[in-house]
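Worksheet: the structure to be examined is printed underneath.
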Amino acid sequence: MPRAFSLTVKEMQEESQQGYLVEFGSIRYSTIMSSRASTNEQERAEPRSRLPRIPGKDEQEFPFERSSLNEKATPGDVTLCASNFIRNIIEEDNRTGKWNGRVETRFPPEPNGYLHIGHAKSICLNFGLARDYKGICHLRFDDTNPEKEEQEYVDSIMDAVRWLGFEWGEYLHYASDYFDKLYEFAEYLIKQGKAYVDSLTAEEIRALRGTLTEAGENSPYRDRSIEENLDLFRRMKAGEFPDGAHVLRARIDMASPNINLRDPVIYRIRHVRHHRTGDKWCIYPMYDYTHCISDALERITHSLCTLEFEDHRPLYDWILDRLTDVVPCHPQQIEFARLNLTYTVMSKRKLIELVSGSFVDGWDDPRMNTLAGVRRRGYTPESIRLFAERIGVSKADSWIDMGILEECLREDMNERAQRRLAILAPLKVVIDNYPENAEEECLAPNHPQKPEWGSRIVHLTKTIYIERSDFMENPPKGYFRLSPGGEVRLRYAYIVKCVDVVKGVNGEILEIHCTYDPDSKSGTPGADKRKVKGNIHWLSAVHAQQAEVRLYDRLFTQAHPDTGGRDYKAFLNPDSKKVLAAYVEPVLMTAQPEERFQFERHGYFVADLKETKSGKPVFNRAVTLRDSWGKPG
C-alpha cells in the first residue's frame, strides 16, 4: 500500500506544509500548501450575519444571506481522494476558524462553447468539496464577452453539470447579474485614484506594456484627473464613443515584474447585444476584474482555478484589497493543475477547428472529448466521477493516460451492463447434422456475476452466424477457435466441428459447414465430459436482426498530438470510426437511447442518444473489453 494512504489528515497537512510529495500508485503529487495570508483575517472569520454591507445598501439588495449551508448542492457519490491538496488547505482553514467553518466554492464556465472532460475535473472538484464539507457550490456563468456567448451554451452547460450528478439549487448566478455593481465599483476605483480612462489604441497599449525583461511605460493619459476620468467613463457607458475609443485601466505599476499588474484593462467598449441584458450595456468588464468581485459578492471561500491563473492571483488580490470597504469578503484563490489527457486536445480553439473543419460530426461526436461527446460515446456519470477521484488534484502539471479513463468506464459498465450477443463481421455456418427446420432454446445469463438479473433465451437453428475472425483456414500454433477439422463450443450451446469450407470464385470464404455433438449442450448432464479450448459466440440466421454498429476509437494516433509545435490534425486517426451492418439478438431491437450493454467478446456498447429510433437502434462502442491500444497482436 502506498504510504500516503496510511497517513492521517494531520500528518498529510504537516507534510504538505513542508512541500513533500505524496505518492499514489504510479502518480506523485506535489502537496505544497498555499501560504497566502488573508488580507482581512478578522472579516473572513466573521459569520455571515456580521460581514460588512456595502454602505447605504439594505439587506434586501444583498441576496446571498442564508442561515444554513445548502447540502443539496452536490448529490452523487463523489469522494475526493487524499491526493487532493486543496482538502488539506480547507482542513487547516477549518482548524483555525479562518472562515468560521464555511466552505463555498463555485464552477464559473464561460458560455461560449461545450464543456469537455477537463471541465469535468473542475466540476467534480468544486461540487465534491462543497458536499464533503457540507458547504455550497455555486454555478456561475462568466458572461462578460457577448460576442461569443449564446443561450445554447448556457443550456448545454447546465445539462452537462446535471448529467454528472450535481445540482446547484438556488445558487445559480451570471456575471451579468453584477454589471451594475461592477460599474459602481469601477467608479469607486476611479474616485480612489486607482483607475483611469486610457485613450490609446489596443496596439499602442500593447507596445507600451514592455516585456518579461523590460519594464513598461506609462500611458500619456495615466495622469488624467479624477473628474475627467469619471466624465469619460460615464460617457463610455452612455454610448457616446465607438468600440476601441477608450478603455478603463487599473492604475497599478507599469514596472511590475508581473505583466498582469501593468495597468490591466478592466473595462472596454463593445456595442454588442448581450444574450441576457440585451442592449442595456455597451461597456463590458474584463474577466480578471469580474471574476474576483463575483467571488466576493457570492462570499466564496475557496476560489479554485487552473495553474494558468496563478500569475493573475496578485491582480485578484489587488482589486479586492482596494474594494475592502465595499465588498463583503476577500476569497482565497487556489490554483491546481488542469487535466492533460493523452490522445486528445483540450484547446477550445482546436476543438472548434475539428468541428468547423468537419473532421468530426459535431460537438457531440462520440470521438470528441466534450461531455456531450463522451456521453454519446457511452460514458456514464459514475465513470467520470470515478476518474476525477482516481487522478486526484495536484499543483504539478502532468499527463493522464487515456487508459485510466477507459478503465474507469470498464469498471462501471461491468457492473451495470447486461450481456448480449452481436456478430459484427458475419460468416455463415451450416450445421449439417442439425434438423432442417428445427430450433432450440439456449439459456444465456444476463450477467454472469449477477444471477438475480435472470437469463434470456437465444435460439439455435441449422444456419447460424459467427464472427469471421473466429475462423482461420490455416491457423498458427496456439489458435483455439474454429479451423478445418477443429472443434469449438458455441457459447451456451453445443460443440461443433468444421467439416467443409465453401469458397467463391476469388477464393474468398463464403460459408463453412460443421457437425454438432448432440450430447454436449451447455448446462445439460454430461456436457462437461468433452473439453475444447475454444468458446465462440454466434447468432441464429433465422432470428438475428440487423442493426447499425459504430466502432469508435481514439481520435488521434499520437499520445500528445498538439505538443512540440506540431500540426495536431496530422495525427488524426483514420480508423477512429467504423460503421458496420451487424447482426444482434432480437431483444436488442427494443433498446432505448443510452441503454448500455456488453456485447460479449467485443466490448461495451450504448444505444445512441440521438439516432436510436423505436425498433431501429444504433449502437456505439464505448470501450473495448480490455486495453489493447498500441499493443502487438
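All residue numbers here begin at 1 and follow the chain in the order shown.
Using N, Cα and C of the backbone, Cβ positions are placed for all residues, glycine too.
Residues 109-119 are the range that TrEMBL records as motif ''HIGH' region', among 109-119, 406-416, 439-449, 483-493. As stated in TrEMBL, the feature motif ''KMSKS' region' covers range 345-349 out of the listed 180-184, 300-304, 345-349. Per-residue confidence over the motif ''KMSKS' region' (345-349) averages 92 (mean pLDDT, predicted model). Cα spacing between I117 (ATP binding site) and D142 (L-glutamine binding site): 19 Å, rounded to the nearest whole number.
Cβ environment of D142 (L-glutamine binding site): P108, P109, E110, P111, A175, Y287, T290, H291, S294 lie under 8 Å away, each six or more residues apart in the same chain. Counting Cβ atoms from all protein chains shown, T306 (ATP binding site) has 15 others lying within 10 Å of its own Cβ. Long-range neighbours of S347 (ATP binding site) (same chain, six or more residues apart, CB within less than 8 Å of its CB): D562.
DSSP assigns Y287 (L-glutamine binding site) to a helix in the three-state reduction. When DSSP labels each residue, the domain 'Glutamyl/glutaminyl-tRNA synthetase class Ib anti-codon binding' (417-517) comes out as 6 helix, 53 strand, 42 coil, counted as helix, strand and coil in that order. With DSSP classes pooled into helix, strand and coil, the tally for the motif ''KMSKS' region' (345-349) is 2 helix, 0 strand, 3 coil.
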